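Among the features that TrEMBL reports, active site, charge relay system is placed at His142, Asp172, Ser247. Here TrEMBL flags Glu59, His142, Asp172, 245-247, 263-267, 302-306 as substrate binding site. Among the features that TrEMBL reports, domain 'PDZ' is placed at 291-382, 388-479. For 94-118, the entry in TrEMBL reads region 'Disordered'. What TrEMBL lists as signal peptide is 1-26.
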Amino acid sequence: MKKKSLVLSALALSLAMAMGSTTANAAESAASAASSGQLPSLAPMLEKVMPSVVSIYVEGHTTDLGRENSVGKENIPPQLQPFFGENSPFCQEGSPFQSSPMCQGEGDDDDGQPQPKQENFQALGAGVVINAEKGYVVTNSHVVDNADKIQIRLSDGRKYDGKVLGKDPRSDIALVQLKDFKNLTAIKVADSDQLRVGDYTVAIGNPYGLGETATSGIVSALGRSGLNIENYEDFIQTDAAINRGNSGGALVNLNGELIGLNTAILAPGGGNIGIGFAIPSNMVKSVVAQIVEFGEVKRGELGITGTELNSELAQAMKVDAQRGAFVSQVRPKSAADVAGIKAGDVIVTLNGKAVSSFSALRAQVGSLPVGSKVALGLLREGKPLTVEVTLQQSNQAQVSSGNLYSGIEGAELSNTQVDGEKGVKVDNVKPGSAAAKIGLKKDDIILGVNQQAVQNIGELRKILDSKPAVLALNVRRGDSSIYLLAQ
């Protein structure tokens with residue numbers, strides 16, 4: 001039997017929440033409310049929340065190495081290559097080969113290698129103001145990927161330019177800061193760990209560029225993972241309508257508090273079918289806090305590999321559990337190894353909360369900062385035990401210097417520590433960029449700026465936020481200490 005769509009009207013929503021009554025009592029109460037001229041409505045809550053949800057418009061470019069599926073000179077037998085090229089008779093006007101890459105050399109350099117090709121694009125999404133004083137807006141990383149220009153539009157029509165402070169593609173979270181802003185309204189963030197299946201939800205976003213739009217539904221499921229949408233998946237599933245352009249928008253509860261960041265939909269036909277996914281607010285808070293402090297996400301990890309525990313695996317391993325994370329390998333000297341976790345263990349709880357799958361465990365651990373202590377409940381040979389683990393550093397993410405200061409644009413930066421000395425490492429420098437022109441080189445380590453010590457990207461950002469007229473970078477290059485000037 002075809003399942004009917006679930007439609008939550010504001011009237012039914014409010015009555016069910018406030019009274020929990022039967023259908024007959026709800027109808028009677030609705031009639032009474034109507035006669036008094038005060039119909040139950042979500043409008044008062046939405047009027048408070050809408051100013052915190054913004055529309056995001058992006059212009060940018062992508063770089064493509066070109067003819068991945070086309071035929072060029074490298075595909076022509078060597079003995080025939082001299083016959084192709086712009087001056088070849090095969091490539092003159094009227095020839096069927098004239099527009100071929102073999103004739104035009106399109107995408108090739110002098111060595112016949114593919115050259116990068118840029119394609120401009122426009123994109124749209126949504127975001128949520130989480131800090132009104134500093135102009136911070138959180139959105140999805142994929143909304144602002146490869147952005148050259150970001151424009152933020154508020155619900156009252158005001159428009160501001162924005163810049164990316166940092167992003168974490170592995171969780172699909174990005175932090176954008178508005179420029180020259182005033183009078184913003186920040187949303188209140190709820191504890192997503194308190195959510196239950198069946199809780200009411202309201203999704204707010206910018207579907208198809210229409211602007212602020214609200215839809216309602218319920219929490220359909222929690223801890224969704226294994227969808228291959230992001231690297232770290234612990235999604236809230238909701239049937240509130242989420243469409244293209246809703247990415248980065250708010251999923252709120254009936255108090256108007258943020259419980260999730262709308263991220264993806266399951267849409268075989270391209271439109272909403274009532275299966276949407278949002279990143280839990282607690283993961284959003286953790287990632288944003290680290291971007292602000294460090295300029296990157298210092299993601300903790302256990303140092304294990306594994307898989308989901310299903311009934312077949314549980315039976316084969318004689319484990320009295322149906323859900324959990326089966327540990328197949330423990331990396332030597334990892335956090336898990338130090339704590340005594342062994343291959344064959346099944347992790348069933350994290351800090352007292354049930355672990356539904358290996359993917360969910362990975363996402364939950366990945367949202368915690370390095371150095372966090374977690375209590376893991378295990379099953380080992382059928383016997384329960386608890387171990388305490390101190391999370392270690394996972395792979396570091398890079399930050400583009402252009403997001404910090406235009407005078408050093410073109411350098412990719414990450415936090416580092418060498419011989420006990422902390423600083424900001426230059427991982428790469430784009431030739432011809434502003435960073436290259438002032439003399440920054442790969443493997444340089446920035447230790448200070450304008451006579452102020454810098455130990456990480458977060459400290460560097462705080463100095464650059466003051467917009468100094470001149471930048472004197474104290475750089476360690478090999479065994480030497482030098483100064484580079486930018487302005």
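Note: Cβ is positioned from N, Cα and C throughout, glycine not excepted.
Keep in mind it's a predicted model, so treat the numbers as computed, not measured.
Structural mapping of features recorded in TrEMBL.
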{"residue": "Glu59", "record": "substrate binding site", "contacts (Cβ under 8 Å, 6+ apart)": "Asn120, Phe121, Gln122, Ala147, Asp148, Lys149"}
{"residue": "His142", "record": "active site, charge relay system", "contacts (Cβ under 8 Å, 6+ apart)": "Pro169, Asp172, Ser247"}
{"residue": "Asn246", "record": "substrate binding site", "contacts (Cβ under 8 Å, 6+ apart)": "Gly125, Ala126, Ala203, Gly205, Asn206, Pro207, Asn262, Ile265, Gly276"}
{"residue": "Gly303", "record": "substrate binding site", "contacts (Cβ under 8 Å, 6+ apart)": "Val330, Arg331, Lys333, Ser334, Ala335, Ala336, Asp337, Gln392"}
{"residue": "Thr305", "record": "substrate binding site", "contacts (Cβ under 8 Å, 6+ apart)": "Val327, Ser328, Gln329, Arg331"}
His142 (active site, charge relay system): secondary structure state under DSSP, collapsed to three categories: helix
Cβ atoms near Asp172 (active site, charge relay system) (within 10 Å, other residues, all chains): 25
Other C-beta atoms that fall within 10 angstroms of the C-beta of Ile265 (substrate binding site): 21
In three-state DSSP terms, the structure that Thr305 (substrate binding site) belongs to: strand
